[in-house]
Amino acid sequence: MSKEIELTRVSDHPQIKEEKKEWKGLVPPDYSYVDHSNFFTWGIVSFLSKLVRTGGKRPLTVEDLGAVGKDYKASTLYDAYSKEWAKEQRKKEQGKNPSFIKAMVRATGLCYWVTGVVLILVGCLLNFVPTILLNLLVSDFESDEPNYKMRWVYAGLLLVVPLITTFVNSIVQMMMAKLAVSLKCMASEAIYRKALKLTSSAKGDISTGQLVNIMSTDTNVLLQFVMIVNIIAMIPIMLVVCIVLVAQQMGKITWVAIGIYIFMLIWQFAFVGSAQPVRMKVLEKTDARVKLMNEVLTGIRVIKYYCWEKPFKGKVHDLRKVELKNTEKMAWIMSAGVECMMGLIPNIVPLVCFSLYPSMMGKPLTSSVAFTSLSLFNMLQMPFTMMPMCMMLLVQYNVSVKRINNFMNLDEVDETLVEKNLPVGSKVAYKDIHGAEKVVEDYDAEHDAVLIRDGYFAWGGNDNCLKDITTRIPKGALVAVVGRVGSGKTSFVSSLVGEMTKNAGVVMVNGSMSLSAQQAWLVNDTVRGNILFGKPFEEAKYNEILKVCCLEDDLKVLAGGDMCEIGDRGINVSGGQKARISLARCCYSDSDIVVMDDPIAAVDSHVGKALFHKCIASYLKGKTRILVTNATQYLHKCDYIIVLENQTISHQGTYEELKAQNIDLMALLTEEDGSSSFSVARRSASKREQEEKKAEKKVDEAEEKEEGSLTTTESKVTG
């Protein structure tokens with residue numbers, strides 16, 4: 001799942017042809033405005049002139065926007081980030097915590113950041129030049145010996161310097177925007193890929209709501225913070241330079257202004273500090289609300305079937321009410337404690353300083369001092385006005401970065417748990433459960449597909465769910481894994497793909513592997529997109545897989561056939577259809593080893609028979625097939641059988657070998673109540689599918705009856 005999914009286009013479908021239209025975009029499809037810009041065009045924003053002119057004449061379309069710059073594609077950014085993140089991960093060996101944000105900053109290029117800092121400093125200092133020129137110009141007017149030539153120079157510079165300052169600031173803003181978008185894209189891609197690699201125990205530490213908030217809210221806070229990081233950097237510089245220049249003009253009265261500003265800063269920090277825990281509460285309630293909404297949407301059929309809309313609406317409303325209450329509280333803190341003060345201070349400081357100047361300085365207030373000081377006080381309004389927003393965003397940034405960093409440091413599946421594609425003659429050292437050093441010397445890479453020796457596996461801890469697993473699976477064999485419910489069949493499959501923690505032993509796999517999980521999953525895509533999963537479309541191969549996986553009849557009733565959107569978690573297809581689509585995905589992947597976790601139990605008996613004979617035994621023949629099943633009627637067709645009891649292998653061998661040992665497979669698979677594990681699983685799957693269809697029918701009927709009395713009319717197409 002870690003690879004990128006290339007969504008299937010409608011035009012690929014043999015029955016749905018899309019006429020090739022002439023490209024009507026403003027620029028060619030591979031043209032990037034950013035790639036064709038430079039520092040000069042950033043300063044005057046001329047690289048967007050064509051786009052702005054066109055937007056004034058007609059509405060802009062997606063085709064007009066061009067392509068993403070080559071340095072700003074998700075794959076390019078993630079490659080750079082992954083290298084730096086690998087360096088950060090080494091800090092764990094030194095007992096330090098890896099920093100997600102440091103890895104991203106280095107990935108975007110330190111020279112880019114250094115250039116930005118230099119330009120920020122230059123732009124900040126240029127802001128003071130007009131004030132100095134104004135002081136010189138007014139002083140010259142007050143002088144008894146006027147210099148008319150310099151007056152023209154000062155006036156000319158007062159016109160040119162602001163233009164240069166605007167040019168430099170425009171470049172800085174463009175750089176910050178590019179950095180912000182790059183970091184957000186990088187963070188989103190890293191979070192997505194991390195989510196695919198979490199261990200089972202790590203998945204339990206984070207809810208769906210938290211993950212959604214991290215992906216959307218926290219990454220957006222990161223973008224907003226980087227967009228104004230230049231302002232945050234300018235604030236201390238402007239404060240220091242302004243105070244120095246004011247001191248030259250106002251003398252010891254400057255201490256009065258400083259005292260007022262210090263009082264204001266203490267006031268701000270006090271209120272912003274009280275806003276941080278409120279912000280944490282807002283995020284907690286948002287996580288809970290998003291989690292509940294996700295559960296509601298996932299089980300919407302059951303909720304509507306039992307008429308639970310009002311109770312669940314009340315639960316969501318209560319969570320939202322608490323969230324809004326904390327949001328309102330935070331807004332009151334910021335407005336009453338910070339923004340109100342910001343409106344008063346810029347006017348109070350000049351008034352107090354100018355009133356005290358004659359008495360404290362012992363001389364009248366001159367025009368040059370008044371105009372210069374007033375200009376400096378006006379310049380101070382910007383940092384003190386922006387300070388509340390910057391401080392609040394800084395609080396949100398610290399919270400968001402901490403959440404992202406904690407998520408990125410969650411345990412992920414260790415790819416080294418499974419030794420893959422070792423060359424012929426390889427010897428692998430390992431430790432058994434007692435810590436004794438052992439070596440696998442009989443591994444045959446030419447004939448062995450899977451070899452497990454002295455394996456002990458757990459779901460993220462030391463409590464082993466599989467014990468003393470030793471088996472060898474030859475290439476091209478059809479292997480059945482059987483056992484009662486809870487005997488460890490799914491855990492055995494998970495140990496092969498590296499999803500369990502290996503506490504002892506060794507797992508060796510030779511060849512590519514695909515998995516059809518017991519809980520079949522689907523992506524938000526068409527049926528075809530779920531089967532291809534990024535692979536190129538081959539019509540003959542695709543149609544044959546549809547046939548052997550018994551999907552042809554299903555596609556006839558789905559609206560749009562295989563181009564039907566199957567939605568989030570496949571909520572508009574049954575469990576049996578999910579299982580067959582998942583199996584079709586494995587077939588299309590053309591992997592060397594196909595692992596199937598009980599796909600037969602999820603379908604009806606006649607469909608299961610067809611799946612086994614047409615797909616598993618025939619179409620996949622020649623590949624290594626590991627089939628978890630308790631359907632004893634197919635065991636004689638398997639090349640090898642592994643029997644699991646009490647989380648360990650109790651018997652293994654061919655069907656004939658197990659019969660020769662007088663092993664009664666039916667008795668081994670019988671539950672305590674006398675029913676077979678396979679019949680229990682089939683009844684459960686059949687009952688679940690019948691309930692889904694029944695609920696769907698009831699929902700449609702209810703919606704049809706209630707149409708006209710609801711606020712919004714709902715219609716549904718099912719298949």
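Keep in mind that glycine also has a Cβ here, set from the backbone N, Cα and C atoms.
Since this is a predicted model, take the numbers as computed values, not measurements.
Counting residues 6+ beyond its ends, the transmembrane segment (110-132) has Cβ neighbours under 8 Å at 157-158, 161-162, 164-165, 168-169, 171-172, 175-176, 179, 230, 233-234, 237-238, 241-242, 245, 372, 375-376, 379 in the same chain. Look at TrEMBL and you will find 110-132 (among others) tagged as transmembrane segment.
What TrEMBL records for 114-396 is domain 'ABC transmembrane type-1'.
Summarising the annotation, TrEMBL assigns transmembrane segment to 152-172 (among others).
Residues of the same chain lying 6 or more positions beyond the ends of the transmembrane segment (221-247) and with a Cβ under 8 Å from any Cβ of it are 116-117, 120-121, 123-125, 127-128, 131-132, 172-173, 176-177, 179-181, 183-184, 187, 254, 257-258, 372-373, 376-377, 379-380, 382-383, 386-387, 389-390, 393-394, 396-397, 399-401, 404. Per TrEMBL, the feature transmembrane segment maps to 221-247 (among others).
Sequence annotations record features per position, and here TrEMBL assigns transmembrane segment to 253-275 (among others). Outside the transmembrane segment (253-275) by six or more residues, the chain places 243, 246-247, 330, 333-334, 336-338, 341, 345, 348-349, 352-353, 356-357, 360-361, 377, 380, 384, 387-388, 391-392, 395 with a CB less than 8 A from a CB of the stretch.
Feature annotation from TrEMBL assigns transmembrane segment to 330-357 (among others).
Under the heading transmembrane segment, TrEMBL lists 369-395 (among others). Away from its own ends, the transmembrane segment (369-395) comes close to residues 127-128, 130-131, 134-135, 138, 221, 224-225, 228, 231-232, 234-235, 238-239, 242, 245-246, 249-250, 257, 261, 264, 268-269, 272, 275-276, 279, 334, 338-339, 342, 345-346, 349-350, 353-354, 357 of its chain (Cβ-Cβ under 8 Å, at least six residues beyond either end).
On the 0 to 100 pLDDT scale, the model's mean across the domain 'ABC transporter' (450-671) is 88. What TrEMBL lists as domain 'ABC transporter' is 450-671.
Residues or ranges marked as region 'Disordered' in TrEMBL: 673-719.
Among the features that TrEMBL reports, compositional bias 'Polar residues' is placed at 709-719.
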Other parts of the chain folded back onto the transmembrane segment (152-172), taken as Cβ under 8 Å at six or more residues beyond its ends: 39, 42-45, 116, 119-120, 122-123, 126-127, 129-130, 133-134, 136-137, 140, 230
